[in-house]
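*Asks:* Below you'll find the structure I mean.
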Amino acid sequence: MHPVIQKTLGGLSIQYYFRQFFFGLAIAAFIFFMSTQGGRSMPIGMLLFTIVSTLLYPYSRFVYESVIGFVMGENVFFVNAIFMLITKFFTMAMCWVFAIFVAPIGLAYLYYHHSKAER
């Protein structure tokens, strides 16, 4: 495999990637289900956006979790479970929608991190 691809796309652990990919796929399935209701077909632009967002979602989520981990540190908040689930779903949806913009940051960081570790 080419070193650039291995350092970027292969930069996340398999477990983390597939866990996040599963959630991205669930969001894509929901979008597909909602857009095909009423006998309509999904527009090709929306289909391409859905595929790209789903593939890039794990890297977008990686950036989000890294930033939140940096800001929050080791702090723990005790909140209502319903509120937390709604917040979690909202952040997952935002990471999926903006994956095309956020994921390149994660890919660049992974490339830098793995290049630095290689030296």
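Each position is counted from 1, following the chain as shown.
Every residue gets a Cβ built from N, Cα and C, even glycine.
These came from TrEMBL, pasted as-is:
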{"type": "TRANSMEM", "residues": "16-35", "note": "transmembrane segment"}
{"type": "TRANSMEM", "residues": "42-60", "note": "transmembrane segment"}
{"type": "TRANSMEM", "residues": "66-86", "note": "transmembrane segment"}
{"type": "TRANSMEM", "residues": "93-112", "note": "transmembrane segment"}
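Relative to the rest of the structure, where do these features sit?
*Replies:* Within the chain carrying the transmembrane segment (16-35), a Cβ under 8 angstroms from the stretch's Cβ atoms is held by residues 42-43, 46, 50-51, 53-55, 57-58, 61-62, 92-93, 96, 99, all 6 or more beyond its ends.
Among residues of the same chain six or more beyond the transmembrane segment (66-86), those with a C-beta under 8 A of the stretch's C-beta atoms are 106, 109.
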